[in-house]
Amino acid sequence: MNIILLGPPGAGKGTQAGILVKDRGMVQLSTGDMLRAARTSGTEMGNLVAGVMDRGELVTDEIVIGLIREQLEAGGSGFIFDGFPRTLAQADALADLLAEVGQTLDHVIAMEVNDEALVGRIVNRAKEAAAAGQPVRADDNEESLKIRLMEYYKKTSPLLGYYHAKEQLRWVPGLGAIDDVAKGIADVLDA
């Protein structure tokens, strides 16, 4: 089973992906994690990624699709796409890739959380990390969140209509206890 978790920054996508990995043995494909791992891998793709990043350039969709292809071909018991796709062009590229490797996209789960709650979550996440002596993400502040939300609404939210038209979109309330959100996602996956 392959799924995409969609939602604005701070919606809890990473938290819920972690639960799915633990409970269902799925593989989380986080583009950020894949790029960092590729950079240090010493592979041909890794050297390409390192060169692009070292020059301060944006990693192209083609490179990201190549990394995802490697993961899909390595196999697994279902994939969670986290941080990809972010645009309609990327959604089309992912659909083409899945078709090429003989896989399907089973569900796109959109996590609903209002902006006010997102601000509270992000501020709280930063406070909890600082209190625990852990590093605070540089973008875990209200000003950065506003910029990230603008980007999300501009570029990523059109994916909601795209996947709705394909009858793959499922809404799950993202507010509430982590376990309640996880149950909502499980209900979608088990339906």
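Using N, Cα and C of the backbone, Cβ positions are placed for all residues, glycine too.
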Annotated companion of Gly10, Ala11, Gly12, Lys13, Gly14, Thr15, Gly176 at the ATP site, Swiss-Prot, chosen from Arg55, Arg125, Arg137: Arg125
Correct range for region 'LID' (source Swiss-Prot, candidates 73-89, 124-140, 141-157): 124-140
Under 8 Å by Cβ from Thr31 (AMP binding site), same chain, sequence gap 6 or more: Val64, Leu67, Ile68, Asp82, Gly83, Phe84
Long-range neighbours of the region 'NMP' (30-59), counting only residues six or more past its ends (CB under 8 A): 14, 17, 66-68, 70-71, 82-84
Arg125 (ATP binding site) - helix vs strand vs coil (DSSP): helix
Pairwise Cα distance for Lys13 (ATP binding site)/Arg86 (AMP binding site) [Å, integer]: 14
